Ligand code: ATP
Ligand code: MG
């Protein structure tokens, strides 16, 4: 039998994993400047955590979840997204308590699982970087979160980005708009896609999110939610727009944008690219918004939240397509060339001494001739070689060569064991 990785999964090999590390480290550094701290929650949760939060009619819950009954007959789900688990943790650990500083700001990064049809930038196991901030209703926090996503993508050298924003308003807005949509769509019921027929009464906003071609013309002419905003909802949205302008972050208002998850309200946003590498048209890399009802939905008090999720695979596809180079550090400080079997223990002690001082070191493990070892040193981009054979061992020295210049000198082994840092940095 030939073993293959499951459909929709990927092996991330050396050569690529450096790109992942770069993305993760850059994100960590940026999030730190915004005072977001890392949270790690389980890779699986009880099914209800997702069905409650994403909404029973969302695509994620109805079609895409990896859920199963474990040996104790518990209905569990591999997390399809990060927010629900973070909110569950927020509630369970009472992070809304009076002794916790508000807003409570966290980020996460890790694998998510969705049963989808795999294609470029769409996998069954994929990775998200995400942030969540709890406990402030300020539109300034919405904009801070948007700015984080936007600036992160800019840091990766991506410039051709489109930020689309919309508002889903407050409860009153949604109730009014929901009715307006039903009134508008009902006469066209028979012409809608099967999915949208089902959504019409359960969750008409979701019809706007439909990708079915037959629904598109109705989406285009649908009433705009912006006409149903309550004064408070309009005010929040106006503030968010004003803050974006204050930060010189260009945006477009897309009144038909609703987002795939049910828990959003007020500001929602997507950062998109029209790079061909991810298919025709605009593809979303980073998406999020405000979800003021979610903490309560998962059993907590009325605490608001705002956040985003960013797809790492899509980001990497895009960075490749845009020829963004990732700074790599694959240089080697020292290659120790050992001549003859008797040198092996000394060679080992030398590489260990170099490593112990915080430098990178490599040696031969295949009994190769010195010439072949020097070749390896070259291929590994070694800064220095240190050669030890019988003579050097007898004299307790190594022959040290700077590869760039070819300059050679003898260095006492004791010096390497005691202060190799001085030897390697003295140049
Ligand atoms: P789409 O409409 O493309 O299916 P979505 O609305 O389902 O996206 P979200 O749930 O908002 O996506 O997830 C946020 C981000 O996570 C997306 O913008 C995307 O970058 C990434 N993402 C979502 N699903 C996948 C997947 N199956 N494979 C890779 N990345 C994904
Ligand atoms: Mg999706």
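Keep in mind that glycine also has a Cβ here, set from the backbone N, Cα and C atoms.
Unlike curated entries, TrEMBL annotations are predicted automatically.
Binding of L-histidine is attributed by TrEMBL to 81, 82, 83, 128, 132, 259, 263, 264, and within the candidate set 28, 114, 178 the record adds 114 to that site. Under the DSSP three-state reduction, residue 83 (L-histidine binding site) is assigned to helix. Among the binding-site residues listed (83, 128, 264), 128 have a CB atom closer than 6 Å to some atom of ligand 1, in sequence order. Secondary structure at residue 128 (L-histidine binding site), taken from DSSP and collapsed to helix, strand or coil, is strand. The Cβ of residue 259 (L-histidine binding site) lies under 8 Å from the Cβ of 168, 209, 268, 270, 287, 289, each of these being in the same chain and 6 or more residues away along the sequence.
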